[in-house]
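**Student:** Would you mind keeping the following structure in view while I ask a few things?
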Amino acid sequence: MAARPMLVVALLCAAAAAATAQQATNVRATYHYYRPAQNNWDLGAPAVSAYCATWDASKPLSWRSKYGWTAFCGPAGAHGQASCGKCLQVTNPATGAQITARIVDQCANGGLDLDWDTVFTKIDTNGIGYQQGHLNVNYQFVDCRD
C-alpha cells in the first residue's frame, strides 16, 4: 500500500515537469511579413509559403484567421509538424502586453518569428522591439479553443 502514494507523487511530479517544459522566458522574437490579411489567410500562398501549409492550409478560414501567425523554433515545446497549429500566449515582459498566436511556420533563430501585422506590433506597445529589431518575450503553449 505504501507504493501507491509514491506512484501518485511521481505522476504529479511528471505532470508538473511536462507543464513547465511548455513555456520559456526571455526568448528572442523577431518579426516576419506574412501579411495574412493581404494573402487571404492562405498558408500556401506564394508570398507566405508557411511550413505548416502542408497540414493546415485546408483548414477553414475561421481557423486560419482566428489568431495572428508565428514561426516557432523556441527552446521549449515540440518542433516541426508537431508544433503546427498549436497556440502560444506571447508576452512582452517590458510592457505586460500579451497576445495569442498560432504556429504556422518554423524558423531558425532559436525563438519566435512573429507576424508583423497580427502579433509583433500588438505587443511592441512601446516601440522598443521595432527599434532593436527584436523583442525578448515569454511564451507558453495554450489551448487554441478551436
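Keep in mind that glycine also has a Cβ here, set from the backbone N, Cα and C atoms.
Just so it is clear, the model here is predicted, and its values are computed rather than measured.
What Swiss-Prot shows for this protein is this:
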| type | residues | note |
| --- | --- | --- |
| SIGNAL | 1-21 | signal peptide |
| DOMAIN | 22-146 | domain 'Barwin' |
| MOD_RES | Gln22 | pyrrolidone carboxylic acid |
| DISULFID | Cys52-Cys84 | disulfide bond |
| DISULFID | Cys73-Cys107 | disulfide bond |
| DISULFID | Cys87-Cys144 | disulfide bond |
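Explain the structural surroundings of these features, please.
**Tutor:** For the domain 'Barwin' (22-146), the DSSP-based tally of helix, strand and coil residues reads 25 helix, 41 strand, 59 coil.
Sequence-distant contacts of Gln22 (pyrrolidone carboxylic acid), defined as residues of its own chain at least six apart whose C-beta falls under 8 angstroms from its C-beta, comprise Ala76, Gly77, Gln140, Phe141.
Neighbours of Cys52 (disulfide bond), defined as other CB atoms within 10 A of its CB across all chains, total 24.
For Cys107 (disulfide bond), other Cβ atoms within 10 Å of its Cβ number 19.
Annotation for Cys144 (disulfide bond): same-chain Cβ neighbours under 8 Å, separated by at least 6 residues, are Lys66, Tyr67, Gly85, Lys86, Cys87, Thr100, Arg102.
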